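Heads up, the thing below is written out as structure tokens.
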Amino acid sequence: MLCRLAWPGRSGAKLVAPLGCLVPRQKHTLPDLPYDYGALEPHINAEIMQLHHSKHHAAYVNNLNVAEEKYKEALAKGDVTAQVSLQPALKFNGGGHINHTIFWTNLSPNGGGEPKGELMEAIKRDFGSFANFKEKLTAVSVGVQGSGWGWLGYNKEQGRLQIAACANQDPLQGTTGLIPLLGIDVWEHAYYLQYKNVRPDYLKAIWNVINWENVSSRYASCKK
């Protein structure tokens, strides 16, 4: 938020952002999981889930709050250099928070199988069959070099589903414009303790806990 102040001896006004003009910011918090850490076993074990949620996601939340506080101070001072230098931290930690918040709801101990209704029809329309879709999203996720995510997203302009990969913690919508429906975390911390470096085995297992009700709900919402 900017305040317009008149400076003595000058015509016009200058846009500045003193602290008094900034809207108070609520800190981000770590969301609770909708199930116990061990609820996704044997497909994803409790130790992975506990570390992934309480350590990794929590770190993104904490670091995002720190980065936003520094950014607020930089705005107040009009320090553009500091604002620019903080962008990577905001993107990485903000993306990590966004991605994981979606990821936890995309999983369920009652998941697996195939979607129904409109989502299934859209998958058949845009990928030919559920089997083709599953194969393509798995291949894209396996193929992520280093760390990142495989995504099913919705292209609102084209009115169709699309598969995409994002590096590191880049958020899908913020970097591609696609609305996130289903994200698969392929950072090693998501599977290494159980599957070692065999990412394909993890990806084969995760389909057993995909929460299609959540994905379908996201699809219905983004079409409105």
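Note: Cβ is positioned from N, Cα and C throughout, glycine not excepted.
Feature annotations, reproduced from TrEMBL:
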- 27-108: domain 'Manganese/iron superoxide dismutase N-terminal' (DOMAIN)
- H52, H100, D185, H189: Mn(2+) binding site (BINDING)
- 115-218: domain 'Manganese/iron superoxide dismutase C-terminal' (DOMAIN)
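Annotated features, which come from TrEMBL, shown on the structure.
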residue : record              : CB count, 10 Å
H52     : Mn(2+) binding site : 23
H100    : Mn(2+) binding site : 24
D185    : Mn(2+) binding site : 25
H189    : Mn(2+) binding site : 13
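In this model, the domain 'Manganese/iron superoxide dismutase N-terminal' (27-108) carries an average pLDDT of 97. Helix, strand and coil content of the domain 'Manganese/iron superoxide dismutase N-terminal' (27-108), in residues and according to DSSP, is 58 helix, 1 strand, 23 coil. Sitting within 8 Å of the Cβ centre of H52, H100, D185, H189, and not among those site residues for Mn(2+), are the Cβ atoms of H53, H56, H57, F103, W187, A190. Here the domain 'Manganese/iron superoxide dismutase C-terminal' (115-218) is broken down by DSSP into helix, strand and coil counts: 54 helix, 24 strand, 26 coil.
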